Each structure stands twice: as structure tokens, then as C-alpha cells.
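Taken verbatim from TrEMBL:
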DOMAIN    2-226  domain 'Aspartate/glutamate/uridylate kinase'
SITE      K4  site 'Transition state stabilizer'
BINDING   G38, G39, R60, N152  substrate binding site
SITE      K214  site 'Transition state stabilizer'
Amino acid sequence: MIVKYGGNAMKSLELRRVVAREIAALRAHLPVVVVHGGGPVIEAELSARGVPSEFRQGLRVTSPEAMHVVEMALAKLNKELSADIGQALGLMGRDAALLVGELLLDGAGLATFGRVGRVTEVNAALLRTLLGVGLTPVVGCVAVDVQGEPLNVNADWAAGAVAGALEEGIVFLTDVDGVYRAYPDPDSLVHMLGAQEVRLGIDEGWIAGGMIPKVQAALEALSRGAPFATIASGMAPGVLTRAATGEAGTRIVP
Ligand SMILES: Nc1ncnc2c1ncn2[C@@H]1O[C@H](COP(=O)(O)OP(=O)(O)O)[C@@H](O)[C@H]1O
Ligand SMILES: CC(=O)N[C@@H](CCC(=O)OP(=O)(O)O)C(=O)O
């Protein structure tokens, strides 16, 4: 199974330990690949260095200077998360062409998002080799382009691409229990959400901000062969097993 671990599900050291325990418990039953982001850590490093960055359509417009900071921040976090999880090997998408990508272009075909990219190829053989020797791959969301330059990939997209390539299910851990029809009304949590309703939700604006790349990545993973894709809260005990069996979170369906 693929676990996408984002910035909001690692807000505190305590929460990080809870998630690490969940991942360790899950892999006693099935192989796990972790793909992580780290938006808040990136944000802190950029502001400490006075490097400006803005979000457009939920994506960080990434100058070459910002790219440098993004990669540095995520690489350090990658080592910390790998240590939290244990029996893990931390890798960036740039290592061994694990995540190969291309620049994201706007509607006019221009790279107005800067170094933001999307994944075109995943080195699934490497992930399978690591799993085969009992290591949990922990993958940071910086991909490499054909020129060997880094690309800043939204971590939900990166995780969705890995799930599609391995044809395994994926759980996106975040700070909410799933997708709400009227966020944050707790009674409006949706248990199953189809592609058509996802499009409607984005158009009508009740799926917004950071939830947009998550639902898009879930649909992309399903279309590439992942058997299930669920969005769930990293704060709920036992969440990974419950999300995998459909008892927790919002399951996205084609
Ligand atoms: N319909 C919705 N249901 C739930 N959360 C939503 C919805 N629309 C927008 N959101 C926002 O999406 C956030 C999760 O995305 P994001 O902050 O990018 O998480 P992460 O860092 O875990 O990837 C929630 O905290 C919430 O503020
Ligand atoms: C292009 C883009 O937006 N990249 C993200 C990568 C990290 C990420 O996605 O982290 P979360 O999972 O914590 O949101 C960024 O720079 O913040």
C-alpha cells in the first residue's frame, strides 16, 4: 500500500510518532511505500531565508531559488521521517530516477509555475527491490527532468503516480477525516465520492485549496491501476487499516 504523508499530518513531533507507529504496524501485514510532502517545513525555510513564493491553483510557484530551498528542506525531512519509521530507506524522487517528470505548463503552454512538475515515470523496479529486502521506501516529492534538473512536484500527485505505477492502493493522510460536502461541518463527511462529483465539487467550490490536488491525484492513481484511493485523517488511531478496508475516510471511486 502507498501512504501519502503530508505537512498537515506532521504538525507536531507527537503526531509524527503516531503516524510512524501506524505505518510500522501496517507493514507487519503488507508492504508499504511512503511518499511525503512537507508544505509547512518548506514554508518555514523559505521565510527564514526571505525567499518569496506564492500559491496558484494549490501549487507553489517555484523559482530556481525557491527550488533550492524546497529540495533542501524536503531532503532533511526525508531523513527524519525515515528515522521515525525505522527499517526504512529515505530517497528523493531524484535518486536513481525514482520519479522522472516534466515541467508543468499553463493553458498557454508556458512554464508560469516555475520549476513545478508532474511525474511521467516511476522507477517501480527500485521500489519493489527495496520492499523485497524488507525496507520501507520513504520518498520525497522532488522529481528529476530529462536534463537532470529538479522539479517540485505536489506530494499528492507524486504519491498518486507511485500508486498507479505499483498498481497498489493508496491512503492520503491529512488533517481532516476526508472530503466534506460542507467543510468543516462534521455531519457532511462523504464516505464515497465518484469522479463526476469530484468535478462538480471543484466547480462549485466545496472542494477547495489543498483538497483539490488530493482528489485529482486519487482519480489519477485509480485511472493508472490503483485498486483504491482513500483520503483520511492521520490523527485517528488505526486509520491506515481502517482506511484500507473502507471503514475510515473518503474513498474516491472512478
Ligand atoms: N471539501 C473539503 N473537505 C475537507 N477539507 C477541505 C475541503 N476543501 C478544502 N479543504 C481543506 O483541505 C485541507 C487539506 O489539504 P492540505 O492542507 O493540502 O493537506 P496536506 O498538507 O495534508 O496535504 C484541509 O485542512 C481543509 O482545510
Ligand atoms: C508544487 C507544490 O506545491 N509542491 C509542494 C510540495 C510539498 C507538498 O506537496 O507538501 P504537502 O503534502 O505537505 O502539501 C510545495 O512546494 O509545498
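From the backbone N, Cα and C atoms, a Cβ is placed for every residue, glycine too.
Since this is a predicted model, take the numbers as computed values, not measurements.
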Give me the long-range Cβ neighbours of R60 (substrate binding site): same chain, 6+ apart, Cβ under 8 Å, in sequence order. G39, I42, S53, E54, A66, V70, V116, N152
Just the recorded positions from K4, R60, K214 whose C-beta lies under 6 Å from any atom of ligand 2, please, or none if there are none. R60
Integer Å distance between the CA atoms belonging to K214 (site 'Transition state stabilizer') and K4 (site 'Transition state stabilizer'): 10
Local confidence of the prediction over the domain 'Aspartate/glutamate/uridylate kinase' (2-226), expressed as mean pLDDT: 96
Could you name the residues, excluding G38, G39, R60, N152, of the same chain that surround the substrate site, i.e. Cβ within 8 Å of the Cβ centre of those residues, in sequence order? G7, G37, I42, E43, V70, L74, C141, N154, A155
Spacing of the two Cα atoms, K214 (site 'Transition state stabilizer') and G38 (substrate binding site), in whole angstrom, works out to 14
Three-state secondary structure, which DSSP defines for K4 (site 'Transition state stabilizer'): strand
